Amino acid sequence: MLASSILRRQKFLVRSLGVSHNPVRMDQKAEIRFAALGTDAESVIRKITPTYDPNRYKGQAGKIAVIGGCREYTGAPYFASISALKIGADLSHVFCTKDAATVIKSYSPELIVHPVLEESYSVREDEKASVCQKVLTEVTKWMERFDCLVVGPGLGRDPFLLGCVTEIMKNARQSNIPIVIDGDGLFLITENLDLVRGYPLAALTPNVNEYKRLVQKVLDCEVDDHDRYAQLFSLAQRIGGVTILRKGMCDLISDGETVEMVSNFGSPRRCGGQGDILSGSVAVFSSWARQQRSITTKHSNDSPQNPMVLGCIAGSTLLRKAASLAFKDKKRATLTTDIIECLGRR
């Protein structure tokens, strides 16, 4: 059953995107196809990006919300949310703490900033339950408007704040809203895997250390780079089919049914904030891929590929292209803001 499902998905990808695949034996029970996408990943972007249409109205090209931003970290939620706009989303919201809101607002008037989150220092012990409920109510009234949530950029690790975000994620899952999880959001779900376990509309974007903690927690072993494809495949399966984008020299992506790789060169300059661009990018492309899937399933009997996987492929490819262009211009002086400015360039 697993092998036939995998084969159907891979045949669909070959027909629709013209990607060549090489078989990789993972175990005796299942064979998955490993796609070295590289330049072919650009065809994924073209396929899922909506065309301009004068009949479309504001919001139809994507409404993204970032859950993150506290006293110490205001840049990360800005990078994620402004990247979503630069790529083509119509609206980008940020739900952050009151201390972070004014700072984030000052970065750009394009963002819709909601200063609703709270940290422990500002809440008395006897008020925590009521304040958490108030935070959840404030976010929930907006929830149905969003095409995707990005959870984690600049979130921090305050226990009360993480508790509130836990409830927000549960609500988003109940509402069937895609969630991209990065940064401290990954710390949160590593401690509570049930938040995403079995949720196919969740995408995790761990860096080297975050991925190491996930592997130790879920597989109870160390990262095995010699068998990295099989290990990533197994990790995604064990968490119930969530999509995992393992960031590295080559980005590896798996939802427990396939493994994909994006290998086109980005930039040797590893300035902080590139992961935030990626999370915002994946959110937009995943929402577009999900829209495309709803259209495809109406006119085809084929099972379209997981929109979260397509979103990860597209987001990774675009970031690498933008980073390459920025480095070509700025070299060692390249900053994350320079990369963001290159998101729309060819």
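The backbone N, Cα and C atoms fix where each Cβ goes, glycine too.
Residues or ranges marked as domain 'YjeF C-terminal' by TrEMBL: 41-346. Residues or ranges marked as (6S)-NADPHX binding site by TrEMBL: Gly154, Asn207, Val208, Asn209, Glu210, Tyr211, Lys212, Arg213, Asp276. Feature annotation from TrEMBL assigns ATP binding site to 247-251, 266-275.
In this entry, Gly154, Asn207, Val208, Asn209, Glu210, Tyr211, Lys212, Arg213, Asp276 make up the residues listed for (6S)-NADPHX, with the farthest two CA atoms of the set 20 Å from each other. Of all Cβ atoms in the shown protein chains, 13 besides its own fall within 10 Å of the Cβ of Lys212 ((6S)-NADPHX binding site).
Across the residues of the domain 'YjeF C-terminal' (41-346), the predicted structure has a mean pLDDT of 93.
If you draw a 10 Å sphere around the CB of Ser267 (ATP binding site), it holds 21 other CB atoms from the protein chains shown. Counting only the Cα atoms, the space from Gly273 (ATP binding site) to Gly154 ((6S)-NADPHX binding site) is about 10 angstrom.
Nearest to Gly154 ((6S)-NADPHX binding site) in space, judged by Cα atoms and limited to the binding-site residues Lys247, Arg269, Cys271, Gly275, is Gly275. Per-site Cβ counts within 10 Å over the binding-site residues Val208, Met249, Cys271 peak at Cys271.
Neighbours of Lys247 (ATP binding site), defined as other CB atoms within 10 A of its CB across all chains, total 19.
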